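Database features, via Swiss-Prot:
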BINDING   19-26, 81-85, 136-139  GTP binding site
BINDING   THR26  Mg(2+) binding site
DOMAIN    10-206  domain 'tr-type G'
REGION    19-26  region 'G1'
REGION    60-64  region 'G2'
REGION    81-84  region 'G3'
REGION    136-139  region 'G4'
Amino acid sequence: MSKQKYERKKPHVNVGTIGHVDHGKTTLTAAMTHVLSLKGYADYIEFGNIDKAPEEKERGITIATAHVEYESDKRHYAHVDCPGHADYVKNMITGAAQMDGAILVVSAADGPMPQTREHILLARQVGVPSIVVFMNKCDMVDDEELLELVELEIRDLLNTYEFPGDDIPIIKGSALQALENAEDEEKTKCIWELLQAMDDYIPAPERDIDKPFLMPIEDVFSISGRGTVVTGRVERGKVRVQDEIEIVGLTDTRKTVVTGVEMFRKILDEGEAGDNVGVLLRGIKKDDVERGQVLAKPGSITPHRKFKCEAYILTKEEGGRHTPFFSGYRPQFYFRTTDVTGVITLAEGVEMVMPGDNISCDVDLIQPIAMEQGLRFAIREGGRTVGAGVVTEIVE
């Protein structure tokens, strides 16, 4: 992928295709790169190259994901497409490819299918902010009424999972026709309409630097004559000298004031999202803070023990468990920088969980962690990853 020709002046948005197997997600991805490449807005990536996506490791889990990029007049898009259903589930739960918006692909010939429903539910659970719909294979349906029926079904399904089904743009077309006739204005109209819908409907994400300050603590040092320094990578926002901050998690929340910020031994006025910094804290002893806590803007995040989550349990082949587990299972939950033991309670009617399953369950931790909806974690047994999850709701 030639990086030079992309101007980074345009705002950047992350998207991905979701939908049932064989409804045309990968064909659409290829068609978009082909059609847009003719206008210099993308490099054409062929279907075969997207379909045999390389496997990547994210939190110890192997996920096959294809990444393509393209532009519209207004934006630069990074777009992910996964070859298999299991890859989608893992991708969305681990947040390996964070999505600011999703392109739901539904075959007009089949209408919504089980994985259509599952992907919409997952998008809702993991907090994908918005969805646009591409109704594919419309060339295979002669009956206008049938197309309308499928559209209504899709809108109903989106409403069921609390997406605004009545307002979501649904673009009709054929990805295959567009891919095979990339210069045909009529057959590629749907691709340009989709891009327009993405520009107009998917909101631009808030930049990490504009969010309230948060830094997971990785290490704690005592510097004689100066006090206690905690180090870590700023996850979001900025931190300045004289800022009042809170230390959240594991024990009672404490307030303190930043008396110094340094990076690579140099003194800074402020640290911002992405920086690895040392933060000097007023009146805090080395024993008052520990790895696993976070520094945060006061009131922006609170500690919790009980939450609901969506989790994927690794297969034996992925290095996970060899046997099922039941309600009352007590693994460690690795949040940001530390493990905390917790108890899993399975949903009613669920007897047990097999390796390879994805589940919704309740967790009760033995210590509180600074937590919010959308926080990712790994499930571990003695340092070995056996699952991955995302907080979908805080209970207390």
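Residue positions begin at 1 at the first shown residue.
Cβ atoms are placed via backbone N, Cα and C, with glycine included.
Broken down by DSSP into helix, strand and coil, the region 'G2' (60-64) contains 0 helix, 4 strand, 1 coil. Break the region 'G4' (136-139) down by DSSP state and the numbers are 2 helix, 1 strand, 1 coil.
For the pair formed by CYS82 (GTP binding site) and the residue listed as 'Mg(2+) binding site', distance between Cα atoms is given as 8 Å, rounded to the nearest Å.
Rounded to a whole number, the distance between the Cα atoms of THR26 (Mg(2+) binding site) and GLY19 (GTP binding site) is 10 Å. Within 10 Å of the Cβ of LYS25 (GTP binding site) there are 26 other Cβ atoms, across all protein chains.
Look at the Cβ of each of the binding-site residues GLY19, ASP22, THR26, HIS85, CYS138 and count the other Cβ atoms within 10 Å; the largest number goes with GLY19. Around CYS82 (GTP binding site), a 10 Å sphere centred on its CB holds 25 further CB atoms from the protein chains shown. DSSP assigns ASP22 (GTP binding site) to coil in the three-state reduction, placing it in neither a helix nor a strand.
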